[in-house]
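According to TrEMBL:
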DOMAIN    139-272  domain 'Hflx-type G'
BINDING   145-152, 171-175, 193-196, 262-265  GTP binding site
BINDING   T152, T173  Mg(2+) binding site
Amino acid sequence: TVHSSHASLRNDCFVGNFSVLYDTICEHNRKLSNVAALFNVNTLTALQQRSLSQELGIEVYDRYMLVLLIFKQHARTAEARLQTSLAELMYYRQRVRFHGSANMLVNLGQRESFIKRELEHIQRHRKRLRQKRHGLQLPVVAVVGYTNAGKTSLIKKFTNSEKLTPLNQLFATLDVTCHEGYLPRLSKVIYVDTVGFISDIPTQLIASFRATLEDALAADQLVHVFDVSHPDLERQCETVLETLRVIKTSAKLVDTTVHVGNKVDLIDEADQMISRAERILGRSAISASSVTGQGISDVLQKIEESTINNTGRRNVKIRCPNGGEAYTEIFRQSSSVENVVADDADLNYTILEVVLTAAALNKLRSRFRSHQDVSFL
């Protein structure tokens, strides 16, 4: 690695440590057959990239292009490929604006418009799916975090799904995927696996994945997963908070986010690393391991409690006749049944303690308002 300040960038090339960079690359070229240079800036201008490539005699990349290459490698679905293509087009449009022909700019513009229309179609489809989930009263828990923090691994642990295959690599997940899980007091929940965040990501890349991020914004609950074993832990946590701010996450979701320190099995000083993360996050975090299962029950309990509050569910006690119409309907409407006990005052009655959505509670009150034998305690 050769370090050079951003101030040393001039219009066409680098100065300052350029001779050191050139010598380093020549040395690598003698040892290796395939050498490229990555400049750790968001974007190089077309002139800078061309000049550097010619002078160094190798391929030259900036951060934007590096992330794009990784995205293209992992784009498996039509949506992910469209999003990656849009990000790539936006990158190249900037580069040919002053050097490309008018026809080229028109063609790029038409292609960009086509991709945006396709993504809008996907966005509308996702909206319909969200409305369907909302109609079914299924709580949605979106799992977010820095790339390669272990989000997919944790969801696999939450759901015991054999279909999920976590990968130890950057941006292994580029598509939103939904996975059914269960919590004791909520019955079914939907876990949403999201694309990982990265520091200093250009805003155009975030915009390209807007449809993906909207699923996280529409969730009832956020779970932020971070890697306690990573040496740059604090910066990764800062990046996640900043990205949530940039994509306009609601204050309610941010304030109620469940923070999970994953991979505690990889280090001995997990408690100290959790404390470091908590100072950045301003919230307490739960230690966990998707490999050993440590802390998973604590994480699920916290997710359950927070999701119940966020979705307006309530613990309600209802007294009703044994096995009657009300008894059956209460079971049908409940997210979960906490307790069932006989009424000591009259054994023909049962007292049910259940978790209900606001809509389900209103429905039960309305339906059994005239029933003298049904009481909401």
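Each residue, glycine too, has its Cβ placed from N, Cα and C.
Automated prediction, rather than curation, is the source of TrEMBL annotations.
Most Cβ neighbours within 10 Å among the binding-site residues N148, T152: this distinction goes to T152. A straight line from the CA of G145 (GTP binding site) to the CA of T152 (Mg(2+) binding site) spans 10 Å. If you take the Cα of V195 (GTP binding site) and the Cα of T152 (Mg(2+) binding site), they are about 10 angstrom apart, rounded to a whole number.
For K151 (GTP binding site), the count of additional Cβ atoms within 10 Å of its Cβ stands at 30 [all protein chains shown]. The Cβ neighbour count for K263 (GTP binding site), using a 10 Å radius over every protein chain in view, is 22. Reduced to three states, the DSSP call for V195 (GTP binding site) is coil. For the pair K263 (GTP binding site) and T152 (Mg(2+) binding site), the Cα-Cα distance reads 13 Å.
In the three-state DSSP assignment, the secondary structure recorded for G145 (GTP binding site) is strand. In the domain 'Hflx-type G' (139-272), helix, strand and coil residues by DSSP number 48 helix, 34 strand, 52 coil.
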